[in-house]
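Everything below concerns the one structure shown next.
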Amino acid sequence: MPPPSCPFPTGTHLRYALLLALLGYVAYFLYSGISQDPAASNVVFLCDTNDAQEMVSCLGVDDVATCSSFQDANGDVAACIESSCGYKLFDHIDISIAGSSDPFSEDGATSTTAFLTVMSVLYSLVPYVIGFVYLVAFLLSGSLVPFIRLVVFGVIAVLNEGIFKQLVKQNRPVGSCLYFQSFGMPSGHAETSIGLLTYILLEMFVYHPNILCGLTCQKEQQAHRYSFELGYGWIRTNNVEGSVGHEQLLEEAVGIDIHESNDDRLTSEHNNSPSSPPIENHAKSSSSKWFCHWCALLYTIIFLPVPFSRVYLHDHYRNQVLIGSLIGIGVSALCYLGLMRGLGLQAKMSKFASGEWGEWWGITAGWGLGIL
């Protein structure tokens, strides 16, 4: 079935409308969270049992009934006390600011002004920020690259919250301010951050022509159909209607002349051989061949510290972030190597982008904002 023929509205206009709605909701979300009155609670209360194996939540220092059946360290009736952890509740999002090694003692609280605490809090926000950035990038540009990464992000998050945590049901560290709210095994932050990092690196470097200091590891039979320039790892076959030449794609994407390479002479001799089919030269010039490596380093700096920040804030045990990271790696590798490459979903989506419906929605398989 062909798309609607009317010039307005098109799918592109619908994307822009969704983008405006999203930005409007975020603005309302931030405004309501900052200006809410009374201010959201930023403390956690628990019964003073001094027993990390029997953590009991209570409502406040005046809550006598909840703790009446428990005893404190001296054998007296336990009182409801304020935990030494601290967090900020921002209208539906719990952001742990500082956990505690001992929630029953103020001495165990993590300093909220320490440099590592501030950095850990910022890194704890990375999954939320990256998810938002990818959604905005897709709605704004129509690029499939941030869309697919957003889907991978969502798949990992849904599997973690809906299946893995509910099956394992392992608590967070006792000093976590989120102890009474959700389970800790496996760590969702570790899964999404390391999983997304793995997926991006696979996109960037599987069959990448310059992965080893400019030495190609690209298979010859893929040289005429593989275009790493398109959002890293996207395939654009020559028989896809509406596709353009690889030279034009590369020059438009990174602004270089692909023939400026140390291997020009060898490539020319190879192409002039009557017994060899022409192989396109995908090697970048020496001034830009490290571009993808610098991007990989940037992504690593953004994502890799996230699991460590969760341990530092006492929100997860080491084994929880380790298992979460391994699950994230496995799920993302399955998505890319199994679905995108193994089943050819990547090429099919590129073909969809060049079709009638893809044009109607303004979908592209190129960079756009996909470099994000």
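Using N, Cα and C of the backbone, Cβ positions are placed for all residues, glycine too.
As the structure is a computational prediction, the values presented were derived from the model and not from experiment.
Here is what TrEMBL says about this protein:
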DOMAIN    292-337  domain 'Phosphatidic acid phosphatase type 2/haloperoxidase'
TRANSMEM  12-31  transmembrane segment
TRANSMEM  121-140  transmembrane segment
TRANSMEM  146-164  transmembrane segment
TRANSMEM  290-308  transmembrane segment
TRANSMEM  320-339  transmembrane segment
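Outside the transmembrane segment (320-339) by six or more residues, the chain places 152, 155-156, 159-160, 164, 170, 172, 184-196, 198-199, 202-203, 206, 307-308, 310-311, 345 with a CB less than 8 A from a CB of the stretch. Sequence-distant contacts of the transmembrane segment (146-164) (same chain, at least 6 residues past either end, Cβ-Cβ under 8 Å): 127, 130-131, 133-135, 137-138, 185-186, 188, 191-192, 195-196, 199-200, 324, 327-328, 331-332, 335-336, 340, 346, 349, 369-370, 372.
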